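Participant: Quick paste of what Swiss-Prot says about this protein:
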type	residues	note
DISULFID	C6-C17	disulfide bond
DISULFID	C34-C138	disulfide bond
DISULFID	C113-C130	disulfide bond
DOMAIN	13-139	domain 'C-type lectin'
MOD_RES	S62	phosphoserine
MOD_RES	S68	phosphoserine
Amino acid sequence: EEEIGCTSGWVPFDGRCYGFFPQELSWRRAESFCQRLGARTHLVSIHNEEEHQAIISMLASSQPYSDSEEQEANGDVWIGLRLSLRRLWEWSDGTKLDYGSWYRDVLPRRRACAALEDTADFASWDVELCSDRKPFICAYRT
């Protein structure tokens, strides 16, 4: 029954639908792109290990990453987490930050955005320049 409500090509998991977009955009443009897809659609927020694993599986089967030779070409993938002006990490969909999988314990000193780290097979998050262009994941609740 989870399938109901997901747009064709999107992956259902635990009441949400996930879509991977290979086009490379800055964090802000990626978030705007997601929002244009639907009222409740944003860059993905991740709240537990199971959700994170589901996203990793989706990326593993997504076109740009299915061929290991191509992996370096695309690199990291944007998620909806960024350092706000108040110096707090916040999800773009407004949900609570209640889970983390940071690549290293570096707290950035300036505005920054989080991406899934490709060298860690997307199992960890790293801090990136928000202006960097990367593929991204959008999500919405069903």
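Backbone N, Cα and C atoms are what each Cβ position is placed from, and that goes for glycine too.
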Participant: Count the Cβ atoms, other than its own, that fall within 10 Å of the Cβ of C17 (disulfide bond), considering every protein chain shown.
Facilitator: 21
Participant: Return the single residue from the disulfide-bonded residues list (C6, C34, C130, C138) that has the minimum number of other CB atoms within 10 Å.
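Facilitator: Sparsest of the disulfide-bonded residues C6, C34, C130, C138 by Cβ contacts within 10 Å: C6.
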Participant: Express the distance between the Cα positions of C130 (disulfide bond) and S62 (phosphoserine) as a whole number of Å.
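Facilitator: With the alpha carbons as reference points, the distance is 23 Å.
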Participant: Taking only the recorded positions C34, S62, C113, C138, which one has a CA atom nearest to the CA atom of C17 (disulfide bond)?
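Facilitator: For C17 (disulfide bond), the closest Cα among C34, S62, C113, C138 is found at C138.
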Participant: What is the nearest of the recorded positions C34, S62, C113, C138 to C6 (disulfide bond), using the Cα of each?
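Facilitator: Comparing Cα positions, the closest of these recorded positions turns out to be C138.
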Participant: Starting from the Cβ of S62 (phosphoserine), draw a 10 Å sphere and report how many other Cβ atoms land inside it.
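Facilitator: By my count, 18.
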Participant: Return the member of C34, C113, C138 nearest to S62 (phosphoserine) in space, with distance defined Cα to Cα and candidates limited to these disulfide-bonded residues.
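Facilitator: Closest candidate to S62 (phosphoserine), judged by Cα separation, is C138.
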Participant: If one measures from the C-alpha of C113 (disulfide bond) to the C-alpha of C34 (disulfide bond), what distance in angstrom results, rounded to a whole number?
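Facilitator: Approximately 16 Å lies between the Cα of C113 (disulfide bond) and that of C34 (disulfide bond).
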Participant: Quick one: DSSP breakdown of the domain 'C-type lectin' (13-139) into helix, strand and coil?
Facilitator: 38 helix, 38 strand, 51 coil
